[in-house]
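K.L.:
Sharing a structure, written as structure tokens. Questions coming.
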Amino acid sequence: MTTTTTNVTDLYPTRGATEVATPRQDPVVWGSPDAPGPVSAGDLQALDRDGFLAIDQLITPDEVGEYQRELERLTTDPAIRADERSIVEPQSKEIRSVFEVHKISEVFAKLVRDERVVGRARQILGSDVYVHQSRINVKPGFGASGFYWHSDFETWHAEDGLPNMRTISVSIALTENYDTNGGLMIMPGSHKTFLGCAGATPKDNYKKSLQMQDAGTPSDEGLTKMASEYGIKLFTGKAGSATWFDCNCMHGSGDNITPFPRSNVFIVFNSVENTAVEPFAAPIRRPEFIGARDFTPVK
């Protein structure tokens, strides 16, 4: 069950006439510092400070192989390709992402339920959690396009109706992330400022934005100010490594013009105490395979 935005205060205005920077109104780490869990106190402090937490090996090499095979099966299945949950690369016409992968695949559903994964999300968010979004991402070599700078929360707030910043994402590498093959970049500390973007949200904006971000894109001036203040960190790591990052981190990735493909599993956990209401700055909700309306906790 959802409510309308008339009952919820909009703490983070966006998609108006001008770009507006708003100081973060929410904690980063919602759980108690001494609560038991797989994340150490030092790592929780680093997450609070930087907005992200890198783990050298979250899953084993054998597990990486299992998930690689499942990714290959899904991305070569004609039925999956024809499904609206699959997003196709504009140039190559190859599958770029498959959404709601934890519902399509029992292999990835088990990963979501793994305590190494969901246990960290519960500890950070201080509550039970549900999956707001899941997907596999494939960035083939020789020209796969990147994704421009953005805050995920800006979109999830504006178009999905998440009221507060009580959401955490994990990107688990299924291939090696080099410093050359279009890896994830984050501005450390940027999660402490919400950059509300200028411009109204078109109807069915999601159809375009999943291939190339437009609405919800920060200005050059806003990005320059943030990058000058916070810097930019590029994430590299072996297959099986993972990056946890706060929903409001300013992040993006470049094109992959190398021969080396890059693929990952991306899971977004939201607190059951922060369930979606009506969109704060969009005419309609996005489809449920992008922004979940099933708030059943992961068990």
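The backbone N, Cα and C atoms fix where each Cβ goes, glycine too.
Among the features that Swiss-Prot reports, L-ectoine binding site is placed at Q133, with the record citing similarity to another entry. Positions annotated as 2-oxoglutarate binding site by Swiss-Prot, on the basis of similarity to another entry: K139. If you look up Swiss-Prot, you'll see H150, D152, H251 marked as Fe cation binding site, on the strength of similarity to another entry. Per Swiss-Prot, the feature region 'Disordered' maps to 1-40. Residues annotated as site 'Important for ectoine stabilization' in Swiss-Prot: W156.
On this model, are these features tucked inside or out on the surface, and what's nearby?
P.N.:
Taking all protein chains in view, 24 other C-beta atoms sit within 10 angstroms of the C-beta of Q133 (L-ectoine binding site).
K139 (2-oxoglutarate binding site) counts 27 other C-beta atoms within 10 Å of its own C-beta, drawing on all protein chains shown. When secondary structure is read from DSSP and collapsed to three states, K139 (2-oxoglutarate binding site) falls in the strand class.
Annotation for D152 (Fe cation binding site): same-chain Cβ neighbours under 8 Å, separated by at least 6 residues, are T167, S169, C247, N248, C249, H251, V268.
Taking Cβ pairs closer than 8 Å, the region 'Disordered' (1-40) reaches residues 47-48, 51, 53, 115-116, 119-120, 122-127, 153-154, 157-158, 161, 163-166, 191-201, 215-216, 218-219, 221-222, 246, 248, 271, 275-282, 293 in its own chain, all 6 or more past its ends.
Under DSSP, W156 (site 'Important for ectoine stabilization') is assigned to a helix (H, G or I) in the three-state scheme.
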K.L.:
Taking only the Cα atoms, work out how far Q133 (L-ectoine binding site) lies from H150 (Fe cation binding site), in Å, as a whole number.
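P.N.:
Approximately 17 Å lies between the Cα of Q133 (L-ectoine binding site) and that of H150 (Fe cation binding site).
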K.L.:
Tally of helix, strand and coil residues over the region 'Disordered' (1-40) according to DSSP?
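P.N.:
Taking the region 'Disordered' (1-40) as a whole: 3 helix, 5 strand, 32 coil.
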K.L.:
Around the Fe cation site formed by H150, D152, H251, which additional residues qualify by having Cβ within 8 Å of the site's Cβ center?
P.N.:
F147, W149, S151, F153, E154, T155, C249, M250, G252
